[in-house]
Amino acid sequence: MAGASARWLVLLLVAVSAAAAASSGKHERWRMSGAVGGQVVEKERRRVVADAEAGTVTAVDVADAVGTAYRLHFIAMDPGALFLPVQLHADMVFYVHSGRGKVTYIEEDSGEQSSLEVERGDVYNLEQGSILYIQSYPNATRQRLRIYAIFTSEGINADDPWKPKVEAYSSVSNLLKGFETEVLRLGFGVQREVAEAIKSAKTPPSIIPYNPEEKGDDDKPKWTEDIVDALLGVRDPEDFLNKKKKKDKHKHKEKGKKSKSKAFNFYSGKPDVHNCYGWSKTMTNKDLDALHGSNIGMFIVNLTTGSMMGPHWNPKATEIAIVIDGSGIVQTVCPSSNPSDKSRRGRHHGDERRGPGGRGDEGDKGSGDTRGCRNAVFRVKEGDVFVVPRFHPMAQMSFNNDSFVFVGFSTHMGQNHPQFLAGKGSVLQAIGKEVLSLSLGQKNSSAVEKLLSAQRDSTILSCISCAEELEEKAAEEERRRQEEEERKEKEERERKEREEEERREKEEKERKEREEEERRKEKEEKERKQREEEERRREQEERERREREEEEQRRREQEEREREEEEERQRRKEEERARREEEEREREEEERRREEEEGGGGRGDEPERDEEEEGGDEPPYRLSKKVKKRHRVGMFRSG
């Protein structure tokens, strides 16, 4: 019966998402709006911060629902190792997962050195500005000291370009080596050779092998030289770990004095909830003095095989959890899902399990997802980090063949009281059965009444095969989703192929039209050129014809002119000849008269013959006129 009720509760997660959304308040502004109902960063996707022979440091960045960024560091130290001093740039809350060691810190306000013996399950908080170093103790089983730490500060969250993001901490060695030699010499009051040795010394890795029991207890130099030597690797770090710190000119603190505040341990005392299905325990600033003023709390959940952390949500906290043992299924419900939208499942295999806000080696921002808020089911294993924003109903389930243990940090605003959906303390009990029935789409309240009264427990429940069924269902939905994506991809591919074919046909048609048009234009151009050539030929012929006619006309005119000139020359010649003849005749006539006159005195017997000659048929004078007349008539006729 309990298993059936647990299954009902899992299904109820989807039904109450609207009620959870209403309880969130209209004032909530989601910088991660559009994110899935959770996020996962796999262990393999952590980025490496430090990698040394004696240990490693890896990191992951995540964000909550309001966009606040948190940096997780995973410190793993071999037995007998030393994590060299760093200065914290952000508040640090850490959890010891395994091993034993000593955490030594110097708080910024007091300037006093304190040390804390830590072991599995310990939790402690250090403020930004503190100087911190960690020593891991040797052990027979060679168990590593593993510390999981969360950092938060305005520097890490800075989105302002004028306020660049900072790392969670910086090496004190790097801080010192950044100064010039003369500054170190004067600041520490040492000789120049010492300062130069500090500057030139090779910077050691963040984690180095260290076993103080193998070292002697020689006299220590001044505390300033101890700090410099230990940080820079010039001398043995033991001097620094066991140094005497000067409180003022007259008083000194005892070497290795512990802080009055003890670490909180999850494995000491009674759990908050404990039954045969598992146990859970939470820690707030009321449980640890060092957490006063911090907005970080912690929790641990240990689910046995086939169990479930009941459906619940956090009204004021975002859960950032780390799987420390086993594997399990996490289901989250998006409180702002549109009822008309289809419920989706998050992917639970491969690299795409990472949700928005998680940042491994890629360094993606947490508020950059715009895919739409949706329900999610994802599988997590040891070392994975998963985040559930506040107001998101959730349930965690273990498999039938494996336990599921996770520890986490809760980022809260004030006191956070998780709201469980099942059991006598369920928030649904406060809602009238009739109203709840209507909200669940039930015509009567009998089914709702059975649902609320069937389960008395609320926190950790038996849920045999719930994880397997959800994973199988999620895998089936993933398979259907992939098939749908493949179908859509195929349709899209076919559509693109059709479009490509249509495009090619269109291009071919346009090409043929262009070629036809080009041929038509070429033909028209050829015909035009032929017409122009014919026109030019005709014009040329016409021009030549006109030129020939003009030439012929000029020739005829020239010949006419020459003929007229010739006739004029003949006429003049004829006139000249006639004139000469006339002159000759007149001269002869004059000569004859003169001779007659001269002969008249000596020829008296000849006058009558002369007169008879003068009185003939044609007197000489008249003959001369007739000759002139005939000449003129002949000239006119020839013209």
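The chain as shown is numbered from 1 upward.
Placed from the backbone N, Cα and C atoms, the Cβ positions cover glycine too.
Sequence annotations record features per position, and here TrEMBL assigns compositional bias 'Basic residues' to 243-261 (among others).
According to TrEMBL, the feature compositional bias 'Basic and acidic residues' maps to 349-372 (among others).
Note: the compositional bias 'Basic and acidic residues' (476-561) comprises 86 helix, 0 strand, 0 coil (DSSP; helix = H, G, I, strand = E, B). The annotation compositional bias 'Basic and acidic residues' is assigned in TrEMBL to 476-561 (among others).
The helix, strand and coil residue counts that DSSP assigns across the compositional bias 'Basic and acidic residues' (568-582) are 15 helix, 0 strand, 0 coil. Per TrEMBL, compositional bias 'Basic and acidic residues' is recorded for 568-582 (among others).
TrEMBL lists 607-617 with the feature compositional bias 'Acidic residues'.
Residues or ranges marked as compositional bias 'Basic residues' in TrEMBL: 623-639 (among others).
Per TrEMBL, the feature domain 'Cupin type-1' maps to 39-196 (among others).
If you look up TrEMBL, you'll see 264-448 (among others) marked as domain 'Cupin type-1'.
According to TrEMBL, the region 'Disordered' annotation covers 242-263 (among others).
The annotation region 'Disordered' is assigned in TrEMBL to 333-373 (among others).
For 476-639 (among others), the entry in TrEMBL reads region 'Disordered'.
Look at TrEMBL and you will find 1-21 tagged as signal peptide.
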Compute the average pLDDT of the predicted model within the domain 'Cupin type-1' (39-196).
85
